[in-house]
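Novice: When I checked TrEMBL for this same protein, it listed these features:
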type: DOMAIN; residues: 6-361; note: domain 'FAD dependent oxidoreductase'
type: BINDING; residues: 6-36; note: FAD binding site
type: MOD_RES; residues: C315; note: S-8alpha-FAD cysteine
Amino acid sequence: MSPTYDVVVIGLGGMGSAAAHHLSARGARVLGLEKFGPVHNRGSSHGGSRITRQSYFEDPAYVPLLLRSYELYEELERATGRSIATLCGGVMIGRPGSRAVEGSLRSARQWDLPHEMLDAREIRRRFPTLTPQDDEVALFERKAGFVRPENTVAAHLQLATGAGADLHFEEPMTRWEPCADGVRVHTAENTYTAGQLVICPGAWAPRLLTDLGVPFTIERQVMYWFRPGTGVAPFRPESHPIYIWEDAAGAQVYGFPAIDGPDGGAKVAFFRKGAECTPETIDRTVHDDEIRAMADHMAERIPALPGAFLTAATCMYTTTADEHFVIARHPAHPESVTVACGFSGHGFKFVPVVGEIVADLALTGATGHPIELFDPHRLTAAPAAAPAL
Ligand SMILES: Cc1cc2nc3c(=O)[nH]c(=O)nc-3n(C[C@H](O)[C@H](O)[C@H](O)COP(=O)(O)OP(=O)(O)OC[C@H]3O[C@@H](n4cnc5c(N)ncnc54)[C@H](O)[C@@H]3O)c2cc1C
């Protein structure tokens, strides 16, 4: 007889591991299936650090979710004793009117979030490694900082296992189909039945969610680590913020304090700007011209940073047309399937709250969290019919 579960979770990366934790904490019998090993580096949830912030320039609708995510990150640290979130402060830098500055300010004002506006001179005074142009300004948020993706995934896996979830690694789902009481899920080794299916596929969304009808673009993204010419001391998180820095053309670069050990240097990356790829075709080699371009870009903004190139790594974004997430009951299978995907390069800070939302949807069919923005119908809607002549 095939094993039976309340919920099968596909993908145990950022979102799926959080979903497995929240589901099993509520008493559901959970099976998690993951294509690779625990906490791997072939998806979107690796690289040592992710920015977190509350004055969200993407849309003020994200703020209540961020506030909840912050609470859940704290709970996760308490429950597992792992170091996960560090609020070292953050600056969103750009010209007045830029998305990074105006969008952040809009969210801060709408939700009454503590923040300060800094002119170029004040940015240089407070954060001497940063050398903005005279016409650049910043929104400073003390509660911005970074979370550790590998520790987050490991913590969620640990709690899920502790609550009795069965987590199977190196066992990808090959296909699934609806059945009388829910779903039947196949792998090369076995067939499982469950009342509910949760699909958190990361960059495999185009393959696993063909019947969702949502177009996703998979983008290759590169993270670069440099050892500052000054040594790491001025870049320590006790005094150095995370930053998102938008140029006159609207391109954004972001980075972290030096948090990866004495020789780990400080990480920087472009936000978006990645070549289209698939999980199978992604070029994992980081080329000299890319490293030079990043070093030149940073030299104008943080002259001490591109002292010595240390290493680089690739990662994937799964981007929707409007860069907002997809979190919903599957429109084609509303009784039994929940999807969480299309995190468009900014999902990690939401991982714990996405786990909570997915558990709500899978176990009760609804959530109290505001997720209207993430409805897949917005991306699948047929064009309006031409007016009759
Ligand atoms: C370079 C980079 C920088 C980023 N920076 C930030 C940041 O600063 N702040 C922020 O908030 N977000 C950031 N993000 C985005 C964030 O990391 C992602 O939104 C998030 O990690 C996505 O999690 P996921 O669970 O959707 O994907 P993943 O963690 O990749 O998980 C998907 C999982 O599904 C598994 N899978 C696929 N197919 C199958 C199958 N058939 N059967 C079983 N398992 C399967 C995969 O192996 C994988 O483990 C960044 C992303 C990248 C790449």
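Including glycine, each Cβ sits where the backbone N, Cα and C put it.
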Novice: Given I10, V30, C315 as the recorded positions, which ones have a Cβ positioned under 6 Å from some atom of ligand 1?
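Specialist: Near the molecule: I10, C315.
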Novice: Quick check: in three-state DSSP terms, what is G14 (FAD binding site)?
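Specialist: SS state of G14 (FAD binding site) = helix.
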Novice: With a 10 Å radius around each C-beta, find which of these binding-site residues (I10, A18) has the fewest other C-beta atoms nearby.
Specialist: I10
Novice: Taking just the CA atoms, what is the gap between C315 (S-8alpha-FAD cysteine) and G14 (FAD binding site) in Å?
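Specialist: The separation of the Cα atoms works out to 13 Å.
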Novice: Reduced to three states, what secondary structure does DSSP give H22 (FAD binding site)?
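Specialist: Note: H22 (FAD binding site) is helical by DSSP.
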Novice: My understanding is the cutoff is Cβ-Cβ under 8 Å with a sequence separation of 6 or more in the same chain; which residues meet that for G14 (FAD binding site)?
Specialist: S44, S45, P149, T152, V153, C200, G202, F343, G347, F348, V351, V354
Novice: Return the residue, from the listed recorded positions V30, C315, with the maximum count of other C-beta atoms within 10 angstroms of its C-beta.
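Specialist: In terms of Cβ crowding, the pick is V30.
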Novice: As a test of the contact definition, list every same-chain residue at least 6 positions from E34 (FAD binding site) whose Cβ is closer than 8 Å to its Cβ.
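Specialist: Expected: G11, L12, G13, G16, L167, H168, F169, E170, E171, P172.
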Novice: For the binding-site residues H22, R26, which one has its C-beta crowded by the most other C-beta atoms within 10 angstroms?
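Specialist: The residue with the most neighbouring Cβ atoms within 10 Å is H22.
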Novice: Can you tell me whether DSSP puts D6 (FAD binding site) in helix, strand or coil?
Specialist: strand
Novice: Are there residues of the same chain, six or more positions away from D6 (FAD binding site), whose CB falls under 8 angstroms from its CB, and which are they?
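Specialist: Once residues fewer than 6 apart are set aside, D6 (FAD binding site) is near L23, A28, R29, V30, A194, G195, Q196, L363.
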